[in-house]
Amino acid sequence: MLFGIKLANDVYPPWKDSYIDYERLKKLLKESVIHDGRSSVDSWSERNESDFVEALDKELEKVYTFQISKYNAVLRKLDDLEENTKSAEKIQKINSEQFKNTLEECLDEAQRLDNFDRLNFTGFIKIVKKHDKLHPNYPSVKSLLQVRLKELPFNNSEEYSPLLYRISYLYEFLRSNYDHPNTVSKSLASTSKLSHFSNLEDASFKSYKFWVHDDNIMEVKARILRHLPALVYASVPNENDDFVDNLESDVRVQPEARLNIGSKSNSLSSDGNSNQDVEIGKSKSVIFPQSYDPTITTLYFDNDFFDLYNNRLLKISGAPTLRLRWIGKLLDKPDIFLEKRTFTENTETGNSSFEEIRLQMKAKFINNFIFKNDPSYKNYLINQLRERGTQKEELEKLSRDFDNIQNFIVEEKLQPVLRATYNRTAFQIPGDQSIRVTIDSNIMYIREDSLDKNRPIRNPENWHRDDIDSNIPNPLRFLRAGEYSKFPYSVMEIKVINQDNSQMPNYEWIKDLTNSHLVNEVPKFSLYLQGVASLFGEDDKYVNILPFWLPDLETDIRKNPQEAYEEEKKTLQKQKSIHDKLDNMRRLSKISVPDGKTTERQGQKDQNTRHVIADLEDHESSDEEGTALPKKSAVKKGKKFKTNAAFLKILAGKNISENGNDPYSDDTDSASSFQLPPGVKKPVHLLKNAGPVKVEAKVWLANERTFNRWLSVTTLLSVLTFSIYNSVQKAEFPQLADLLAYVYFFLTLFCGVWAYRTYLKRLTLIKGRSGKHLDAPVGPILVAVVLIVTLVVNFSVAFKEAARRERGLVNVSSQPSLPRTLKPIQDFIFNLVGE
């Protein structure tokens, strides 16, 4: 399609006069005169050149001014919305419907602005190329356009990421504070409550991958933002960007943020970026805050025969991959991770799982580790961890991981062969790992191999290319043809945790997105496989097998919305007819089979399903559960399942038992009296225990502070014990002193044991989110009683002896006399304790 026709079709009517006047600029080029066969020199003069440049500059000013005004208008709306969320009083006055409508308008405007920028930017590039092609005798206008684009930072951001993050924050506010029916689907809203996986590695998952054209990327992000918040990298991540929850759903807009020139400007700019403030009126206003999407670099390993590539492409179960990965520039000394991943796929269910070995490396040790099988870094790291008090089991596991990867590199003769760089945007509900959407854009593949011994691309003695990672502006401009490949689309991946053998969860918005014209599904797509195929696929010496999706890259994946809608309708009708046939077959099978056999088969099926779910949810065996299974199966064989009133009450949220018993209680009698239907299982986790454990720091500190206080009491009692015991010979009552020393000694032991036991008990209750009381009064009461009794005994014995001496029962001539004022008090105490 000609660009002029595309521009006319994609123009947003209310903004029609603000687009580039492409047809007028074409007329100024006198294209028709050139096509008539006249000489370019005769028909094109300096005056024509000046008129064209002046018109081009005016069009730039017009488009840029309009774009700035609209962008700032959206910013003002977002500022007003954010202002209404800053205090509790303002939040109470918010009209949720009006708030949501304004937010929808901002998202819609941002989406239209992105399309506006793309169309106009493409128009300016094409008209400049047309000028240089038609009038080669005149200086190229490309350099002029480059200068003007730096002065007028038009379309400098490849994506409106800062706007999207602010909108995402406001959508999250709306979801959290208002039960709006259109804000998020009910199924998605309940996901965070039902998800109880504390670690993604504990469950299998399904992965769905799609290609997204650059023209549709903004609309795709806008659709996702209505249901999932964007995950903002508050800092440079240093762990697994796929599974570690190292992200914050927060927007940190810096008022003095600078401008970031996007990748489209790189075709015109040698340095690839520019920083500039833009003055509007009398005050400076930030046009594009910096993007939060991190640049991830991955260095893949393989051997001369590309065995890892072939094994992965042929879907050999357990085929491993090895990669080095870091975020940002290597000169900034980021955390570098060496990762060995082994994916396994269940061919029956389609579920995927993986095992991963991850080592954090230092750049200066990588060469010796990879090429010389040097264990010095392993020994250095283990010694450091041992000095810090790391447990022996962890050190042994770390040593095994080092040996595993080193042996893998040596046995397979691996070396770095391919570099992939991309920007990642992630969408996920914080704390809920059941569904996650990532979009990787600006994907670039670069050869990093030394397969050709005569002309190696990478120094064979170094693990990475020094020319790319050097401290020079835009080092990619030095790449030669054939050394790099730009992937034309963005890659969207939807990862869904499988709690059973079901297919993709019934999220309507996901179905609408994945079946729309905006995305093109590519099952089993892999960044590594695509990179090897694009850079090494033409050389039969290296690669003889290619991925099935390569031919699709030669076609335009964009679809007509109407055609995509009709195709989706046909697909849904076909699926519905298949489901109807299957349901009919199930009904017929139930009628034809006797009741007893049907019940027995259904019971076996339910038990198998329950075993599968137990494998996903509980990784610890239980003897009690093992002995109870035969009893449950016997009950199933003796009864035929009926959908009774109690089950309907459960679904309705009413009284869940007709006899007053709770079928979900721990009582085995009441639980066995109620039989759940197929596919419904007894909950094993409370909703309050779903998700990761998040307890305020003051709770942990209070428990530790109490333990420390008990330790101080234990220390004081031990000092008292040994002081008394060491001074027994000097005491006036040696037997009493000896007895008290032993009493205090046992009291000291009790305090230490009691303190540690209480600390562990409270720690368990805190981690388990238990509602039980944390008080433990027995210990303090017992210590207080023992101390009081010993003091009273010591006091009584001492004063009895003093009374005897005072009354002449013992020779007291050597005792000093008391003042006359204290004599009545002494007599009272003597009478109280007796003689």
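Using N, Cα and C of the backbone, Cβ positions are placed for all residues, glycine too.
Going by Swiss-Prot topology annotations, ASN383 is found on the same membrane side as LEU760. When you go through SER50, SER187, SER399, SER516 in Swiss-Prot, the residue listed as phosphoserine is SER50. Between SER274, SER665, SER670, the residue that has phosphoserine written against it in Swiss-Prot is SER274.
As annotated in Swiss-Prot, phosphoserine applies, among SER43, SER265, SER352, to SER43. Looking at the stretches 126-133, 462-469, 534-541, 766-773, the one that Swiss-Prot records under the feature region 'Important for inositol polyphosphate binding' is 126-133. Between the listed residues SER87, SER450, SER592, SER657, Swiss-Prot assigns phosphoserine to SER592, with no corresponding entry for the rest in that record.
Looking up SER267, SER622 in Swiss-Prot shows the phosphoserine annotation sitting on SER622. With the fewest other Cβ atoms inside 10 Å of its Cβ, the least crowded of the recorded sites TYR22, LYS26 in this structure is LYS26. Within the chain carrying the topological domain 'Vacuolar' (728-735), a Cβ under 8 angstroms from the stretch's Cβ atoms is held by residues 741, 797-798, 801, all 6 or more beyond its ends.
Helix, strand and coil counts from DSSP across the topological domain 'Cytoplasmic' (757-778) read 12 helix, 0 strand, 10 coil.
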